[in-house]
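Single-structure report; data block below.
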Ligand code: BES
Ligand code: MN
Ligand code: ZN
């Protein structure tokens with residue numbers, strides 16, 4: 001797909017026009033038919049093509065509204081055969097700083113998962129040209145917009161890459177095939193190297209968490225380490241760790257059958273790590289970024305780990321397993337301990353579809369945000385909606401540490417009914433210590449079962465935009 005910035009409409013293809021609530025005027029259309037309410041739309045035919053009017057509601061206008069409106073417009077026009085789509089900003093010069101968000105929404109709105117459909121059921125048209133009409137503006141402003149658009153394109157590309165892997169079911173994506181994706185990615189980027197630890201090496205080097213969780217499955221676990229060295233980076237690395245349970249049946253503490261299919265998405269934290277490394281390397285950001293993916297399949301079976309087992313994680317801390325379905329924290333413990341010991345990072349992120357309790361607490365749209373640094377958490381919380389991946393802060397605290405204290409080991413892997421997302425986060429903190437750390441529980445937003453303005457059902461790629469934007473911001477401030 002190509003993006004063109006134009007000062008005037010070229011008269012080709014179909015067009016999305018944004019409409020403020022109550023400001024729509026068109027001969028033959030009553031205000032009752034179209035009021036411009038947020039994310040409502042009206043399709044209009046002209047001799048040269050179609051116009052989709054998309055309502056954006058009233059002021060104040062948020063960046064995310066433009067992203068959704070543009071994404072909705074493009075997604076809707078694609079459904080009715082469009083290939084060449086123009087986003088018209090000529091009546092809205094105030095929105096020009098948000099053109100990149102609109103392009104991002106448009107690109108995310110154009111992705112579809114159709115690999116397994118019959119040829120005749122696949123959509124014939126693709127988004128080939130995306131045009132942005134800016135109106136008459138200074139060339140210097142046009143250049144700024146061009147740069148922002150290029151960045152948005154790279155990031156959106158990475159998000160769609162994550163969605164494509166995420167939507168693949170567990171008979172295609174196993175720890176091994178996921179590691180092949182990482183190897184493939186590293187082969188494409190000069191500054192990126194990859195190392196894959198297989199089961200034997202994991203056993204030998206003391207990764208007792210990841211190997212235990214993976215024991216019940218014929219698809220053996222992997223630890224995938226991606227190392228990106230951007231030009232001119234000399235500060236401590238940023239470490240991003242992701243949970244990639246390629247299928248979470250619950251293991252011996254098996255889950256109920258309903259919706260169990262959705263547990264193919266239990267790898268989305270790890271997939272997001274791939275996407276973050278992809279975007280950062282595409283953008284050539286000047287930093288050292290280490291991405292670690294803890295990949296395993298959680299299955300019951302004659303070799304599976306059991307309730308009551310006591311495991312020794314990387315570095316030696318022991319875990320009493322009381323529920324084999326609380327496996328995410330166990331594989332993350334190994335990955336965090338290894339990443340911190342080996343790379344001495346100045347900042348650590350982890351992303352994981354960690355707890356159903358997080359969805360109960362804050363719903364499906366936002367990820368739970370935990371951190372041992374209040375300033376970082378506050379910044380991320382406030383900016384997350386603008387970045388496209390909304391977060392909501394949740395607490396760590398001694399009460400949660402107490403809840404996971406074990407009689408026989410350092411910790412137990414479940415802490416009871418209360419504050420399930422918080423006890424899981426407290427568990428992780430034991431392996432992090434004092435390094436600045438942010439944990440995102442993406443159980444809710446990692447995939448969607450209802451269509452979203454700019455996303456179809458399925459994997460969302462949550463976290464990629466947030467973390468890339470945050471790193472770009474820190475680099476801009478020279479604080480990385
Ligand atoms: N992957 C699940 C969490 C999950 C559940 C994410 C539903 C998204 C939707 C995780 O491994 C899990 O099973 N967690 C348990 C923990 C419990 C046993 C303490 C949960 O949330 O029920
Ligand atoms: Mn589980
Ligand atoms: Zn899980």
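Along the chain as shown, residues are numbered 1 onward.
Including glycine, each Cβ sits where the backbone N, Cα and C put it.
What TrEMBL lists as Mn(2+) 2 binding site is 243, 248, 266, 327. According to TrEMBL, the Mn(2+) 1 binding site annotation covers 248, 325, 327. Residues or ranges marked as active site in TrEMBL: 255, 329. Annotation source TrEMBL lists domain 'Cytosol aminopeptidase' at 323-330.
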*Over the domain 'Cytosol aminopeptidase' (323-330), what does the predicted model average in pLDDT?*
99
*Per DSSP, to which secondary structure element type does residue 266 (Mn(2+) 2 binding site) belong, with helix, strand and coil as the options?*
helix
*Does residue 327 (Mn(2+) 2 binding site) have same-chain partners at least 6 apart in sequence with Cβ under 8 Å from its own Cβ, and which are they?*
213, 245, 248, 251, 296, 298
*Using C-alpha positions only, work out which of the recorded positions 255, 325, 329 is nearest to residue 243 (Mn(2+) 2 binding site).*
329
*So which of the binding-site residues 248, 266, 325 sit close to ligand 2, that is, with a CB under 6 Å from an atom of it?*
248, 325
*Report the member of 243, 255, 329 (the recorded positions) whose C-beta atom has the most other C-beta atoms within 10 angstroms.*
243
*Using Cβ-Cβ distances, find the residues under 8 Å from residue 266 (Mn(2+) 2 binding site) that belong to the same chain and are at least 6 apart in sequence, listing them in sequence order.*
243, 244, 245, 246, 247, 248, 298, 328, 353
*Kindly point out which of the recorded positions 243, 255, 266, 329 have a C-beta less than 6 Å from some atom of ligand 1.*
266
*Counting only other Cβ atoms and using a 10 Å cut-off, which of the binding-site residues 248, 325 scores lowest?*
325
*Beyond 248, 325, 327, what residues of that chain have CB atoms within 8 A of the centre of the Mn(2+) 1 site's CB atoms?*
213, 245, 249, 250, 251, 253, 255, 263, 266, 298, 324, 326, 328
_Helix, strand and coil counts within the domain 'Cytosol aminopeptidase' (323-330) (DSSP)_ = 3 helix, 0 strand, 5 coil
